[in-house]
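Trainee: Next up is a structure, given as C-alpha cells.
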Amino acid sequence: MVPVIALVGRPNVGKSTLFNRLTKSRDAIVAEYAGLTRDRQYGEARWQGRTYIVIDTGGISGDEEGIDAKMAEQSLQAIEEADAVLFLVDSRAGMTAADQMIAEHLRKRNKRSFLIANKVDTIDPDLARAEFSPLGLGDALPIAAAHGRGINHMLQEALGIFPKDNAEEEGEGEPASEEVAEGEEPTRIPGPSEKDGIKIAIIGRPNVGKSTLVNRMLGEERVIVYDQAGTTRDSIYIPFERNEEMYTLIDTAGVRRRGKIFEAVEKFSVVKTLQAIQDANVVIFVMDAREGVVEHDLNLLGFVLETGRALVIALNKWDGMEAAERDYVKTELERRLLFVDFADIHFISALHGTGVGHLYKSVQESFRSAVTRWPTSRLTSILEDAVQVHQPPMVNGRRIKLRYAHLGGANPPLIVIHGNQVDAVPKAYTRYLEKTYRRVLKLVGTPIRIEYKGGENPYEGKKNSLTARQVNKKRRLMSHHKKAEKKKKDKRR
C-alpha cells in the first residue's frame, strides 16, 4: 500500500514550500487544466521510483488553549492515520513553545516521526541539531526546502522504513511494453486486480450520501460474496456480483450489514480517501447536488486526476430539486469541471435508487478505456490525421514535426509522440491532440497523458575513420594551405 506522510509544524516553518517541492505542484499535470484549484493540502509524490502521499496538516499556533484546541480535527486525524510524520521546525527562529507542544503530542501518540530542521541555508546544521535536541525526537535532519538542499537524505530516511511493495504490484499505471501486432484489434491489458473484478472507490466530502450509495449498490438483487476487512486503516474491500459481473467496492466508512444500517454523520478521513483512490481502478465521485461544486470537491477531483484514475461523477440528492435549481447546477458543472470533462456525470438519488443502475455502465466503459491498448500504426495514423487538420506552430522559423506515436502505458493511457522540437509544443496543442485521441478512440471516463520524445541523430557521437587516400589528400591540402599563407606573409614584407 502507498505510504502516507504528514507534514506537521507551526505556521511559517516552510511546510507549504516542502509540500510543493515534494509533489512538484507547480509542474503537476493538474496545473495545466483551467478551473482546477492549485491550493491543495494533499498530493501524490514520487522519489526514485517510489510513490507516496503527502498531507500538509496546516499550522499549529500553540497558544494557552493547547494543541487540541488549535488543530483542526482533520489535522489531528491525518496525524493519527499517517504512516510517518515529518515535523518541521524553523532553524532561524529556534525552538519555541509551540514546537515543544507539538513534539509532546507526537511522543504521546508514539507516532513514527522525523524532526526536520528547515531553513539551514544560513545556519550551521550542527547548531540546528543541538538547538532542537531537547524535543526528544532524535537528531534533526537539516534541509533548505526553498533550495532543495537535504531533501534526498530526508526522503531516504523517511521512506526507508517502508517495504518496497508499491502500487505497481496491483497492476496500476503499468507499462504497455508488449507491442500490439500491426492489424490486431485493440486489447485489454490484464492485471491482477481483475480477479476480483473492477475495484471501485466511492469517495466525496462528508455527508454527500456515500454511505447510502454503498448500501444501495450492495442492496437488493445483488449477491454479496463475502465481507473482508482491508489491511489499511479499516477500509473494507467488499466483492459483489451484479449481472454476472464481479466488482469490489472499497468502502472507507466501514461495513454496514443488512438489518443494522443506520444513517449517521460520516467521519471523513483524508487518508482513507486518498488511499482508496490509489487502490481503485475506477473512482465514483459523489457530490451533493443541492450544494453544487465547492472547493473541497475540486481538491479531491484534482487528486483523482493527478493519480490518473478512471472517473465517474454522481450528483446525489437530485430528487426534490426544482427545475431552475437543476439548470443552475448543470451550468456550474459545465463551468467549473472543465478539467474533468472526460468523465460521465450521473444525476442520482442514492436514497431512492434513481439512476444508480446507470453507474455500472459508465464504470465498465471507463475501466475498458483505461486498460485498452492499440497498435503503433493506429496511434500514428490518428496523429498524422490530426496534424493534417491542424499543424503544430512554427518555432524559430521551423515547424514542429511530430513523426509517430506509440502506447507507453495504461491506466491511464500514456501516448508517447516522437518528433523534432517537441519541447516547444504548446499546451493548447497537446490538449488538441488529447481531444482528438479521445474522440477517435472513443475513450470515456479516463484521463489521457501525452509524452513527447525528441528525435535522436543516429550519427551523433560517431566519427568515420578516414581511408589512406583521404588522409593523404588532407595532408596535401594542409601543406598547400601553409604554403599559400607563407607567400602572403612574404608579399607583405
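Heads up, the Cβ atoms here are built off N, Cα and C, so glycines get one too.
Among the features that Swiss-Prot reports, domain 'EngA-type G 1' is placed at 3-166. Swiss-Prot lists 9-16, 56-60, 118-121 with the feature GTP 1 binding site. Per Swiss-Prot, region 'Disordered' is recorded for 166-195, 454-493. The compositional bias 'Acidic residues' feature in Swiss-Prot is assigned to 167-184. Marked as domain 'EngA-type G 2' by Swiss-Prot: 198-371. Per Swiss-Prot, GTP 2 binding site is recorded for 204-211, 251-255, 316-319, and the stated evidence type is sequence analysis. The compositional bias 'Basic and acidic residues' annotation in Swiss-Prot covers 454-463. The annotation compositional bias 'Basic residues' is assigned in Swiss-Prot to 471-493.
I would like each feature placed in context: is it buried or exposed, what are its neighbours, and how far apart are things?
Mentor: DSSP classifies V120 (GTP 1 binding site) as helix under the three-state reduction.
Summarising the environment of W318 (GTP 2 binding site), the number of other Cβ atoms within 10 Å of its Cβ, over all protein chains shown, is 21. In the three-state DSSP reading, W318 (GTP 2 binding site) counts as coil.
Sequence-distant neighbours of the compositional bias 'Basic residues' (471-493) (same chain, 6+ residues past either end, Cβ-Cβ under 8 Å): none.
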Trainee: In terms of DSSP three-state secondary structure, what is the assignment for K15 (GTP 1 binding site)?
Mentor: helix
Trainee: Looking only at C-alpha atoms, tell me how far K15 (GTP 1 binding site) is from G204 (GTP 2 binding site), rounded to the nearest Å.
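Mentor: Each residue's Cα considered, K15 (GTP 1 binding site) and G204 (GTP 2 binding site) end up 26 Å apart.
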Trainee: Spatially speaking, which of the binding-site residues G9, T57, V120 is closest to K210 (GTP 2 binding site)? Use C-alpha to C-alpha, please.
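Mentor: That would be T57, nearest by Cα distance.
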Trainee: Compared by Cα position, which of the binding-site residues G9, N12, T57 is the closest one to N207 (GTP 2 binding site)?
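Mentor: Checking each of G9, N12, T57 against N207 (GTP 2 binding site), the shortest Cα distance is to T57.
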